[in-house]
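According to TrEMBL:
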- 362-373: compositional bias 'Low complexity' (COMPBIAS)
- 8-102: domain 'Tc1-like transposase DDE' (DOMAIN)
- 324-373: region 'Disordered' (REGION)
- 189-211: transmembrane segment (TRANSMEM)
- 223-241: transmembrane segment (TRANSMEM)
- 261-281: transmembrane segment (TRANSMEM)
């Protein structure tokens, strides 16, 4: 795969050593780059598979004057060629070959039908993948801080009562910082609904500041701990799901937790939020918190007590719309991050080559050069 289109298809054996890989370079990758790029410079991107990092392989690439991209150990695999394999596989779904020759012909036809425009779109999505991975991993870390704080406080006190005070500051900081998610949706970093994201984020910020922070008496309520635990576990699972999905390495346990735990966590969180607001009502009514009484020079009145009751009622349609695990839109789905964020640079090409023994038997395209602009 390259920024100018796909190279020649190469069928390889399940296991590839350095010598076999160098033959692939000589007979397939180099002729493909000559055809796609001509005399233009390109950068060859490879991973740290033994066949690709062998001294003889490095010498082979150096002898041909190929510039290689430095590749760190255990890097996130955001190579768009994985998406290209998915495109090729989908085109093969309706094929019913009778023998190996027909299967090979169908694979070749599927590969040759991939257009340069498809390659370009996938390559253009790399910058957005990177943005989304960085954002998701950071958010997961935030909630891990809260989880660790809760566990440490529980072990120190030996009781779950009043644990909110141990994580109050980081919870306020991280949840208020989540307002940036609305901005990310607005400018396109995360392709999600601005309205739904704003509703979800603002509802949590409201509960943290306008209820729990403002009505000190409810901070010791068990309902506060209930929604904090629900939020924490939900967000750790959610961001882990998105991060691993973007890396194309989604563990089954993460996927299972994403679509199973919400059955318990969603009603747990909603119950905690509603019970916390309900617990605040008598204190709000008694103190007149945030209420504006008549007469005043603006001839305007506002009853915060009534507003909280209406807020509780609003949970009914909200619960109906967001009770499914895929309904949250505060974070882009793995499929959504395919949309390009920034235009790729065209001055130089970057060719990506990799051999994955476990996938080579089913993904013959993995022996071809991949590229990103």
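Each residue's number is its place along the chain shown, starting with 1.
Every residue, even glycine, has its Cβ placed from backbone N, Cα and C.
Bear in mind that TrEMBL entries carry predicted annotations, made automatically and left uncurated.
Mean pLDDT across the domain 'Tc1-like transposase DDE' (8-102) comes to 83 in this model.
For the domain 'Tc1-like transposase DDE' (8-102), the DSSP-based tally of helix, strand and coil residues reads 48 helix, 7 strand, 40 coil. Outside the transmembrane segment (261-281), and at least 6 residues removed from its termini, the chain residues within Cβ reach (under 8 Å) are 207, 211-212, 215, 217-218, 221, 223-231, 233-234, 237, 305, 308-309, 311-312, 315, 319, 322-323, 325.
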